[in-house]
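Presented below is the structure to which this report refers.
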Amino acid sequence: MALDIDYVLSHISQEDKIALLAGIDFWHTHPIPELNVPSIRSTDGPNGIRGTKFFAGVPAACLPCGTALASTWDQNLLREVGVLIGKECLAKGAHCWLGPTINMPRSPLGGRGFESFAEDPHLAGAMAASMITGCESTGVISAVKHFVGNDQEHERRAVDVLVTQRALREIYLRPFQIVARDAGPGALMTSYNKINGKHVVESKEMLDMVRQEWKWNPLIMSDWLGTYTTIDSMNAGLDLEMPGPSRYRGRYVESALQARLIKESTIDSRARKVLEFVQQASRAPVSAVETGRDYPEDRALNRNLCANSIVLLKNQNDILPLPKTIKKIALVGSHVRTPAISGGGSASLEPYYTVSLYDAVSEALPHTEILYEVGAYAHKMLPVIDRLLTNAVMHFYNEPVGTERILRATQRMSKTAFQLMDFNAPELNRGLFYATLTGDFTPDVSGVWDFGLTVFGTGLLYVDDELVVDNTTHQTRGTAFFGKGTVQELGSKTLNAEQTYKIRIEYGSANTSPMKAIGVVHFGGGAAHLGACLHVDSAEMVRSAVKAAAEADYTILCTGLNHEWESEGFDRSHMDLPPGIDALITSVLDVAANKTVIVNQSGTPVTMPWADRARGIVQAWYGGNETGHGIADVIFGDVNPSGKLPLSWPVDVKHNPAYLNYASVGGRVLYGEDVYVGYRYYEKVGREVLFPFGHGLSYTTFTVSPDVVFSQEVFRPEEPPTAAVKIKNTGKVAGAQVLQLYISAPHSPTPRPTKELHGFTKVLLQPGEERVAHIRMDKYATNFWDEIEGMWKSEEGIYEALIGTSSQNILAKGTFRVDRTRYWLGL
C-alpha cells in the first residue's frame, strides 16, 4: 500500500497522532480511515499462530518448541519454519508475528525456557535470525522478544535484574545483536522487567543502544500490559503501547505535552515510526477473515522438523533403532496417548490435529500387538473431559447467578478449559461478568470420579445439580493461567459408566476473585479448567505397567512434563519429573532394562536418576502436531537422529550456576554467574553434567580430521577466516553431523570462559562419503566486553579453534592469531 507518511503527519489531528501510539484492542493498532491508515494485527505465538482468540480460536499449525527448533542446529530448516509461520500469519489476517523468543535460559527452571532457543547466545541468535528471515520473506513482520532479561517468570513485571555490563553484552544482548545484524526484523518487543534499576521499557540507555549504537531502527513495542509510565517510556523511545485501550498514553500524553514534559517532536518521532511499521506491514497479503491452512506439505515439514529436533541422548549396545518385526510391544506412560505438543502461556493454541505416539506406532507396526498402560499420570491438574462431554454451551451475563439476568452472549464449547482474557461481546461488562457452562458428561468407567476445578476468578461445579467443587471464597494461588490461577480444588462423586450426567459450572470473571498478586500480568476476563478422572490406585497402575513391560519384546516408556509444568507466568520449583514418574521408570527398568527405551518430553532439562540403568534415552521436547510421528520415525529408524542439545543437562539443579541466584528476592535477582552461563560454567569449574551442550548421537559413525585448516592465519573482524576439516561417514546408513566451532583464548590476561561457540555447520553424508566442511567464524569470535572502556575488545595474541560434535567431544584443533588489539562498537 502506498502510504505518504509525511502527508499523513502534516494532515493528522493531534488526537489521532497520539492515538497511533497505543493499540485499540488486544491485537490491533489504531487506524485512521480518512487518511488510508489501516489497522495492523499482531498475533502470538512462539511455536504457532493462534490468531486473535485465546477463547474459541481458529485452529493452527503447532510447531515444536523453541529448544526443539534449536536442537536441529539447521538454519536452512528454520528458514523454512519461518516461511510457514509467515503463511500461518497471513491466514489468520495478521501482519506481525510476536516472535521469536530469544531470552537466555540461564536456569532449567525458567517457565518460558522451552520458548527460547539455547543457553549459548551465538546459537540462539543464528537460529532466530534464520527463522525471522523466512517469516519476513512472506511480508509478515517479526517482533523479536523480549528485550532484554526476561529470563524468569517470578515477579517478571517487578523484578530488577542486576547484571554486569559484560554479561549483559556478551550473553543476554548478543542474540538480539546477531538478529539485528543478520535479519533486521521490523519490530522489537521490550521485556517486563527492570535492568539495573530501570524498566527496559523506560530505559533510554537500552533503547538508544538499539537505534544509535546498532543502527537498527525497528518499531519498539511494549509487551502486553508492560508499559508503566507515560513520560519516561515516551522519552526513552517506546513507540507503541500494547494492548489497547491505552492505559498510559492518550490524554496523559496530551497533558504531558502541555506541561512540556514531552516534546511535540518526540510525539512526531514515535508516530512516524508507527506509520513506517504500518506502511511495511500493510503490504502483507493477509486474509480478510481468520482461516486455517492445514496443507499436506506443511504436515510433512512439521513431521520432518519434529524428527530432526529429537536428540538421541543414550544408545547403549545399539538398542535403537528398534526392529519393525516386533511381535509384541509395550507402550507405557502418560504421554503415549496424550502427547505434550507445546508448553503453556503464549505458546498455547488450538492445533489442527495431534498425532499421538500410540497412533504413530500403530501405523508403523500394523501387525504388532500393542500393550498400553499409563503407569503414572504426569498431569498437574486433572485431565480435561472434552472427549466425554457433549452439548456443551456457555452463556454470559453481567449479573451473578441467583439474580435476574439478561443473556449477553452464547458460545458453543468443545473443551472444559478456557481462557477469556481477550473475550468480548456487545454489552458485556469486560471488567466484571458471569457465565454458566452446561453440558452432558458420560463417563466411560464406573466408580468414584475425582473432579478438579482451577480458576482465575471464581467457580462452582455441579454434577446433576449437586455441588461437587467450590472454588470461590477459600482460594489458594497456584501457577495456572500465567501464574494468576488458584490451585485445583477437588471433589468426588460415584458415577456409572454410560450414564449421562448434567455438568454445570457457575463462573465469575477475574475480578470476582479475592486473590491479589504482585508481579504478574492481569489479563481481562479470567479462566477456568475443569478436569476429571477415575480415582486410581497408583501402585496398581505401576504393577500393570511392569507386567506389560515384562511380557513385551520391547517397551517404549514415554513421559515427561507438559504445558501445566512449563508455562509462561511461573517457574518450576524443581527439576524433577512429576510425582511417581521416576518410580514408574525404575520399576519398569527392574524387569526390562535391556529392552526398554525411555522417551522424555520436556522443553528444558529434568533430573534422570535412572539414566545409568537405561539403555536408550530419547529427548523428544514438545514436538507440535506431529509429535507421535516424529518420535516413531526416529525410534524405528526411518529418520536417523541428528539433533544436538542446545542446553547443558545437569545431573542436579543444584549444580546449575544460577541455582543460588534465581527468582526475585526483595524485588531483585542477581545474575551472580556473570558470563559463565551453561557450559561456560560447567567447563570452568570442572563440574560434570549428565549430557553436555551440543551432545546428540546418531545411528551411524563419523570421523573428523584432527587439524583445523584456516582460510587465513590472521583474524580480522571485518573479514573473519573460515575453518575447515574433513568429515567422513564411516557407518552403514546416511546421517547428518553437526560440527561445532569453539574459540578459546588460553593466553588472555582477562578471565574468560574456557571456550565459546562461534560457528557451526550441519553436514549430511551418505555411507562412505567424505567431504570438507567449512565453518565461517563469527565476527565476535575473539572479543569480550571491556567494562572500563565501554567497548568490545579483541586482544592481540594466539587463539585456538576447536571443532567437535559437542562442547566436550573436541575432534580437531588449530591456532590462529589476532595481529593487534582492537576496540569497536556497533554490529
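Glycine is no exception: its Cβ is also placed from the backbone N, Cα and C atoms.
If you look up Swiss-Prot, you'll see Asp223 marked as active site. Residue environment of Asp223 (active site) contains 25 other Cβ atoms, counted within 10 Å of its Cβ in all protein chains.
Residues or ranges marked as domain 'PA14' in Swiss-Prot: 387-546.
For Asn471 (among others), the entry in Swiss-Prot reads N-linked glycosylation site. The secondary structure of Asn471 (N-linked glycosylation site), as reduced to three states from DSSP, is extended strand.
Among the features that Swiss-Prot reports, N-linked glycosylation site is placed at Asn594 (among others). All chains included, 10 other C-beta atoms sit within 10 angstroms of the C-beta of Asn594 (N-linked glycosylation site).
According to Swiss-Prot, the feature N-linked glycosylation site maps to Asn600 (among others), an assignment based on sequence analysis. Applying an 8 A CB threshold to same-chain residues 6+ apart, the list for Asn600 (N-linked glycosylation site) reads Thr559, Gly560, Val606, Met608, Ile617, Val618, Gln619, Ala620.
Swiss-Prot lists Asn625 (among others) with the feature N-linked glycosylation site. Under the three-state DSSP scheme, Asn625 (N-linked glycosylation site) falls in the helix class.
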*Give the helix, strand or coil assignment DSSP yields for Asn600 (N-linked glycosylation site).*
strand
*Can you tell me how far the Cα of Asn594 (N-linked glycosylation site) sits from the Cα of Asn471 (N-linked glycosylation site), in Å?*
47
*Quick one: give me the count of other CB atoms within 10 A of the CB of Asn625 (N-linked glycosylation site).*
29
*In sequence order, what residues of the same chain, 6+ apart, have a Cβ less than 8 Å from the Cβ of Asn471 (N-linked glycosylation site)?*
Leu453, Thr454, Val455, Thr458, Gly459, Leu460, Leu461, Thr486, Glu489
